């Protein structure tokens, strides 16, 4: 029920987001365009300029949030989300490598390198980070929940220094573009950004849902789960890959938007009073979080009469998420 | 259940259980006891596929458990590992419902059959009134009974329990053992339970298996097995065994100084 409520809210915010901007459009016009009507100029603004951005926002919100829910459940640690344990950083390193190394030097890479190269490199970077964190966190055949986070933070730092190095050696224009992207931005997203994320979500969310019941057994511990007939090692590996690809594709689409993967699953879990993050509710909450944060990022400074400036969406999610992270760490320490 | 020439080891280490053969009496309560490090918990892991044997096999109704599909095995054999971790916030009924996992499909709600099994399991451990309570708010003994209800709800004809009474005071341990005994004698399950407490084991078990250094040191009816000589040999314990109403009670000899 909660997932439906979040989905409806996300759609409402998305519609509002489509109507506000430099050209203000009445909501009725936006809906008319979405239903296939409207004047040519309005159609251009809504369908070509604003919708790709809003769609990318909704999709990366889902992808990040589900990735976080999976990683938190698999590692039994609320801090283990792709933005903390290095998946996003690994993906960023991959993507920045493509932007900087394959860049034209003029600040825009185009063609195959941009469309296929960035998502591919991001997935590769993310998988490498996951592989290293996973391999180092296993002790006596069991994934140690505490080690996942410690090693993940280390791997994230390593990947981030790789990114910093790439920015230094790269062309100024490419590096500038990469830096803006690294903050997590939905600015000037095109359909070519949204579509890879759409594929990832449409293919992988059902896969994750298929393992929903196995996850319910897995939270009881590997021994109990396996005696309930769950093939623990196989499912763990499959879901780890699903979580990594989701986070990496989202990172490729909009940059490593911070804290969505950490916060959305935890809030969804609290609200549903479950013992693990519920996948569908988390997904919808993630979508809502990102479109709402983007609406604020895009228009906040104008509303405050500061001027016609946009913020990257990642700044807003970080501003909301960072205090929550501190709260979580405080709670964990109290629990021990 | 039959254990044939089973050798168990962790990684490349020396075997913890070596060449062990055991016939588990059907429909009865078998207790496995032994000193620390004698391999009793390891034996239970080997009997439940949580540990792959180096050699030998475990037969369930004549079939090697390592050759059965995971779900099929989970419908025949329930296992409660030692000290399971309770997820924060889960209610008793929710936890017990997880026992139905091997009977359920990918999607869909609990069936009437699932609900009946859950109700029955909660009633068996006498926690029906506390079913909506978060498990982490229950007492240690109640929590352990919820976990036992989880494996009871699994509806398996065979049950393995690893030290279900550890960390419980005597009254709660007795509550748990009553439930375990009823699981065998009330509903005809074959139950194997690893225990620390010799007297408790002797009170409840139909068949007592005493392990020492990875082998069976003695097995049989508690009255026949639990003798002062055996305690001296296997446990290095000087004690007197007293018969109370047909069940042996172990009274350690004191060595007081001064």
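Cβ atoms here come from the backbone N, Cα and C positions, even for glycine.
Curation plays no part in TrEMBL annotations; they are all automatic predictions.
Here is what TrEMBL records for this protein:
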type: TRANSMEM; residues: A:54-72; note: transmembrane segment
type: TRANSMEM; residues: A:84-104; note: transmembrane segment
type: TRANSMEM; residues: A:116-136; note: transmembrane segment
type: TRANSMEM; residues: A:148-170; note: transmembrane segment
type: TRANSMEM; residues: A:190-211; note: transmembrane segment
type: TRANSMEM; residues: A:237-259; note: transmembrane segment
type: TRANSMEM; residues: A:279-297; note: transmembrane segment
type: TRANSMEM; residues: A:309-330; note: transmembrane segment
Please work out which recorded stretch in A:84-104, A:190-211, A:279-297, A:309-330 has the most C-beta pairs separated by under 8 angstroms from the transmembrane segment (A:54-72)? A:279-297
Does the transmembrane segment (A:148-170) come near the transmembrane segment (A:84-104), with 3+ Cβ pairs under 8 Å (pairs 6 or more apart)? yes
Surrounding residues of the transmembrane segment (A:116-136) on its own chain - C-beta under 8 Å, 6+ positions past either end: 82, 85-95, 97-99, 102, 109, 143, 147-148, 151-152, 155-156, 159, 196, 240-241, 243-245, 247-249, 251-253
In the same chain, which residue numbers or ranges, 6 or more beyond the ends of the transmembrane segment (A:279-297), come under 8 angstroms Cβ to Cβ? 2-4, 6-7, 9-10, 13-14, 16-17, 20, 53-54, 57-66, 68-70, 186, 205, 208-209, 212, 215, 257, 260-261, 263-265, 267-269, 271-272, 310-313, 315-317, 320
Where else in the chain does the transmembrane segment (A:190-211) make close Cβ contacts, counting only residues six or more beyond its ends and a cut-off under 8 Å? 52, 55-56, 59-60, 62-63, 66, 70, 114-115, 119, 235, 238-239, 242, 245-246, 249-250, 252-254, 279-280, 283
Using a Cβ-Cβ cut-off of under 8 Å, list the residues of the same chain that are 6+ residues beyond the ends of the transmembrane segment (A:237-259) and lie near it. 56-57, 59-60, 63-64, 66-68, 70-71, 74, 82-83, 87-92, 94-95, 118-119, 121-123, 125-127, 129-130, 134, 181-186, 189, 193-194, 196-197, 199-201, 204, 207-208, 211, 215, 290, 312-314, 317-318, 320-322, 324-325
